[in-house]
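Working notes, beginning with the structure itself.
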2 protein chains.
Amino acid sequence: MTKAIRAGIVGYGNLGRGVEKAIRQNPDFELRAIFSRRHPNEVAASQGVVHISEVEKYKGEIDVLILCGGSATDLPEQGPELAALFNTVDSFDTHAKIPAYFEEVNAAALQGGNVSVISTGWDPGLFSLNRLLAEAVLPEGKEYTFWGKGVSQGHSDAIRRVAGVKNGVQYTIPVEAAVERVRRGENPELTTREKHLRECYVVAEEGADRAQIERQIKEMPNYFADYDTIVHFISEEELKRDHSAMPHGGTVLRSGVTGENNKQIVEFGLKLDSNPEFTASVLVAYARAAHRLSQDGQKGAKTVFDIPFGLLSQFSPEELRQRLL
Amino acid sequence: MTKAIRAGIVGYGNLGRGVEKAIRQNPDFELRAIFSRRHPNEVAASQGVVHISEVEKYKGEIDVLILCGGSATDLPEQGPELAALFNTVDSFDTHAKIPAYFEEVNAAALQGGNVSVISTGWDPGLFSLNRLLAEAVLPEGKEYTFWGKGVSQGHSDAIRRVAGVKNGVQYTIPVEAAVERVRRGENPELTTREKHLRECYVVAEEGADRAQIERQIKEMPNYFADYDTIVHFISEEELKRDHSAMPHGGTVLRSGVTGENNKQIVEFGLKLDSNPEFTASVLVAYARAAHRLSQDGQKGAKTVFDIPFGLLSQFSPEELRQRLL
């Protein structure tokens, strides 16, 4: 038996709790500490929580830190800072800022002699891998990504900022007819509206003008104006009871041609009861790879594109070849 | 512009012709030679064909050989022999013999200082990758592979060996109801019969006993006895007209759980008009990786599990991060 991989969790929200559960499913891992910015007494966890200011004391006692903060404000700061001290893995997902984030984390990780896997999870992450694979195999073709059915945090937040709205949840829903056209190899040109629907469950404040709320949501630029949007008004109790789960998923399709116009369709899909728990499970697999790459003497920032799948598995190369190839 | 990757094709059947077409879709490749065991004058190709006995003269002029022979007799001999001389990639698919084949090719490639990627294509290959990925992310779960709808060469050959059969084609067909049960997260235990149907199109010799042929096919051990099998008798003309294409495909599903019994489904699927052309396209992408690994100083046998996806692409890491992550 080789030594367990000693992991630390940074940030104890939905994602951090998901990582804690995922570590329990991976016998080669050991959770050494949970770090939080909150006062340790305020955080209810299965084990002692450590204030983030203490993290440097754990150098040499933790093999890899799993960063569970958000991409808006937490990771841009914590990512480079912690990459200078530890091997790290994160789910940074602000697409346009990934190249700059990569450079910053890379510089810090090189300086600290660590490996940092950035922007993993499922999109970016597993979806990105499938885009790359399908494009490399089918250079002549067209790629489609459909998201959902699932809760979009960004769109739910946008609803909740509308005047008169007490609470709300937004589901992104792929248009099945469009997905089917792609699966049939039609290579359609699809507008934003033709690809996804948006369905909103809204709790209005007492006495609020519902027609006005509905109009404001449907006309909101960037978020809803380009989509067919359905708005339902429900009670706070109904929202809690029926819309507290965090399902998500989606489909990446590539429709390509080879030879004399032979159609070749590659599809990758996820159907997730819990988006944060699945993302957490991906983070743990890439934490294993980060630790192994570091043990192998590698340094710097990596993405899912740089990491062979063999390093994600708890099993040996011999066993994987024998059992899964 | 970096120098083109100079490729050679060994074996000019369906797969070799597919590789020739795939190379045309990849601008960073250049086809240097096609090697065949047949007399070069007997092979109709877009360019001169060279007898396989001349291959050693091409050392230094070819960066990677793409081996397109069969797994039964060609590759067990050619794989190790050519791995000693060139970087190679192949689609060796005799599952039970992969570990031994890996060792043999590895020894030859190490001795020759080359990189050899074995057992790529889609199964083994892309399906294997998805099994590994889904298992690493969802260690608690169950994996299902469904093949088809597609032509199975092995089963078509078995039909043609039955007395009174002139020609025949066999389609492997997944049972859609079973696939749907897996997609719903039911985690069913499925028998061989519950997973796939077998549909045969048979051309009988004149005067042959069709009832006897049908019975012999349906009762054939290993190939048909454990399945629901449908046999159609058709004319040679119908067979040529309707069953000359080589479609295939299939689905790899993993149905797992995280946290408090949250179901998480990962699915990868292929729908291929041309099985050999798709396999050929995968071989070319892995030939690119073999060449790059070799340029990086690596040696020995590799499988799809050892190769980061970034090496499969003609595009730079910066572009891939910016465009696909």
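Each residue, glycine too, has its Cβ placed from N, Cα and C.
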Exercise for the section: Taking TrEMBL at its word that B:TRP147, B:THR172, B:ARG198, B:ASN275 bind substrate, choose the one of B:HIS248, B:HIS291 listed for that site. Expected result: B:HIS248
Completion exercise
Top of the binding-site residues B:ARG38, B:HIS248 by count of other CB atoms within 10 A is B:HIS248
Problem - For substrate, whose listed binding residues are B:TRP147, B:THR172, B:ARG198, B:HIS248, B:ASN275, the greatest C-alpha pairwise distance in Å - result: 18
Practice task
Can you grab the distance from B:TYR12 (NADP(+) binding site) over to B:HIS248 (substrate binding site)? Cα atoms, rounded to a whole Å.
Solution key: 21
Practice task
Name, in order along the sequence, the binding-site residues among B:ARG38, B:GLY70, B:PRO124, B:ASN275 with a Cβ closer than 8 Å to any chain A Cβ.
Solution key: B:PRO124
Handout entry: Long-range Cβ environment of B:ASN275 (substrate binding site), under 8 Å and at least 6 residues apart
Key = B:GLY150, B:VAL151, B:MET246, B:PRO247, B:HIS248
Exercise for the section: Could you check what DSSP calls B:TRP147 (substrate binding site) once collapsed to helix, strand or coil? Expected result: strand
Fill in the blank from the handout: Among the binding-site residues B:GLY70, B:GLY121, the one whose Cβ has the most other Cβ atoms within 10 Å is B:GLY121
Practice task
Starting from the Cβ of B:PRO124 (NADP(+) binding site), draw a 10 Å sphere and report how many other Cβ atoms land inside it.
Solution key: 23
